[in-house]
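K.L.:
In case it helps, Swiss-Prot gives these features for our protein:
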- Arg190, Gly191, Gly192, Arg193, Thr310, Ser522, Arg583: CoA binding site (BINDING)
- Gly386, Glu387, Pro388, Asp410, Thr411, Trp412, Trp413, Gln414, Thr415, Asp499, Arg514, Arg525: ATP binding site (BINDING)
- Val536, His538, Val541: Mg(2+) binding site (BINDING)
- Lys608: N6-acetyllysine (MOD_RES)
Amino acid sequence: MEGKVIEVQSAWREGAHVDDAKYREMYAASVADPDAFWAEHGKRIDWMKPFSTVKNTSFEPGKVSIKWFEDGTTNVAHNCIDRHLETRGDQTAIIWEGDNPDEAKHISYRELHAQVCRMANVLRNRGVGKGDRVTLYMPMIPEAAYAMLACARLGAIHAIVFGGFSPDSLASRIQGCGSKVVITADEGLRGGRKVPLKANVDEAIKRLDADLVDHVIVVRRTGGSVAMEAGRDVYYDEAAEQVTDECPAVAVDAEHPLFILYTSGSTGQPKGVVHTTGGYLVYASMTHEYVFDYREGDVYWCTADVGWVTGHSYIVYGPLANGATTLMFEGIPTYPSTSRFWEVVDKHKVNIFYTAPTAIRSLMGGGEGPVKKTSRQSLRVLGSVGEPINPEAWEWYYNVVGDRRCSIVDTWWQTETGGILITPLPGATALKPGSATRPFFGVKPQMVDAEGKVLEGPCEGNLCIADSWPGQMRTVYGDHERFEQTYFSTYPGKYFTGDGARRDADGYYWITGRVDDVINVSGHRMGTAEVESSLVAHPKVAEAAVVGYPHNVKGQGIYAYVTLNDGEEGDDALRKELVTWVRKDIGPIASPDLIQFAPGLPKTRSGKIMRRILRKIAEDDFSSLGDTSTLAEPAVVDDLIENRQNRG
């Protein structure tokens, strides 16, 4: 498969922003003189006060600091809305496609301006101002985008929690950033089923200090009956009637935080990733334009949820900064039928489509029929995000969905990077199924071995980035030391991505997956420690270890090894009970796929669990278990192999 190359088609090159020669020239300039390169491209957004310094960054141990365009001031909402009003006020900014195929809305830039100002005034009336944190726990409805942009307009900092997270997870995230205001909906709709968002918010608030959350703003989505606490809760439509649709955009420093987004860490507690204003928007908008070869008039659809970073950068901020028409989808790929994605593409004449390998794999399971009954002729670029895409799924996407005429951009990036780092560019990059190909402008990947030695040429190793780029996260909220420890201490002087990769003879990168204790389930990162501590909290469980294993739909599944307390019996009923327990504690996304009851776990003599061995057994591969002589009880391994749940 690796030998296969798909050359750039002449149709992709025609009208594209860059061809191969231009990519090489721009890339060389971007790494030779980042200051000059980003000084030029920093002008792609409007500045209220122009910047004079461009890059002020250090990856040095103990002195990690990342600042871009730091003396400039700007406002993200101004850049995503106001600056477009004169030239494209009546153009559609957001196409909203509901869970039910009969529901859709077109929101123009002018209407977006009015709606965002209204939402900002509702927040301002509740004491929200510059630097205040606001938690959003919302379905995929236009009000989610209004709320994000309203916070940005005021210089407030939004912290979105994905609507699939449990009340416990929501509570810890509200607590973590100290939000006094929460915006939610009565209920969400997904695949015809209702999600009790407001009820979950009420549950979460019960777990917090009584004086933390002052206001809960509730958008009516289903009209379902929900409990409303007088003095604290208000329906958004009622609050919006009390305010005007004019609200000035507040000028903030380029380094003022725009949002906090919690992501799974390998040590259990989620990390609050902080992204700031200027550099983030420059990078999100530039990657959106070049990676998707976005052109004036294109209809662009990213299927992510705004609860993940992909939704932040590539549904809302990047596309709107570029004056694009961006599609927001409330539903799921299989409701009401497995043709839904392609029906939406035809209905709204989508030109650029960006989804996750897990969605592609699950649709692939249904065969070509549901795809082929639609036209998809409007499509030009197909993107993939969230995890490495296996070559078989890549081929299916290219051949079946794109009829071999659409360029594929297999993008690699992370919550922490703010935007895409390694990717093909449609008019420039020959494609290899399964490879993320080459770095974006200004990005300097480095491969290092376990000792930190930099590897040259074709190799396999740990993927680091040698220097900063404008979209990079600045810190972990409230814990800069954790930021340094997590990303800069393993290989001092470099940003360590936590991913392994292979670089081939053409300089193309192939991402091989996480090398730390984080698993990637359906494109969403899940810290193994988080799932383990949930399992261990169950009264019958003594110890648990969680690893990822190859799953043909999700990419990685969650495999849990569980040691029970003395006298407890492991059976199917307890398996079900533990799955329900984790779902309730963290959310459905963390549900273990396989649970193996084990009398003991493989540990070193110092008591450290040997996860490498557990991973291998979960993968049904014992050919390379490595040296087990250092284990305290080598016999444990034989039992684990004997009773494994994932037999090939």
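Glycine is treated like the rest: Cβ placed from N, Cα and C.
Describe each of these features in terms of where it is and what it packs against.
P.N.:
Neighbours of Arg193 (CoA binding site), defined as other CB atoms within 10 A of its CB across all chains, total 11.
Residues within less than 8 Å, Cβ to Cβ, of Thr415 (ATP binding site) and separated from it by at least 6 positions along the same chain comprise Leu261, Thr263, Val273, Trp308, Val309, Met473, Arg525.
The C-beta environment of Val541 (Mg(2+) binding site), restricted to residues of the same chain at least 6 apart in sequence and closer than 8 Å, consists of Leu535, Val562, Thr563, Leu564, Asn565, Leu578. DSSP assigns Val541 (Mg(2+) binding site) to a strand in the three-state reduction.
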K.L.:
Would you identify which of the binding-site residues Gly192, Gly386 has the most other C-beta atoms lying within 10 angstroms of its C-beta?
P.N.:
Gly386
K.L.:
Between Arg514 (ATP binding site) and Ser522 (CoA binding site), how far is it from one CA atom to the other, in Å?
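P.N.:
With the alpha carbons as reference points, the distance is 14 Å.
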K.L.:
For the C-alpha pair, I'd like the distance in angstrom between Pro388 (ATP binding site) and Ser522 (CoA binding site), rounded off.
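P.N.:
That comes out at 11 Å between the alpha carbons.
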K.L.:
If you count CB neighbours within 10 Å, which one among the binding-site residues Gly191, Pro388 has the smallest count?
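P.N.:
The binding-site residues Gly191, Pro388 were compared, and Gly191 has the fewest Cβ atoms within 10 Å.
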K.L.:
How big is the gap, in Å, between the Cα of Arg190 (CoA binding site) and that of Val536 (Mg(2+) binding site), rounded to a whole number?
P.N.:
31
K.L.:
If you run the three-state DSSP split on Thr310 (CoA binding site), which class comes out?
P.N.:
helix
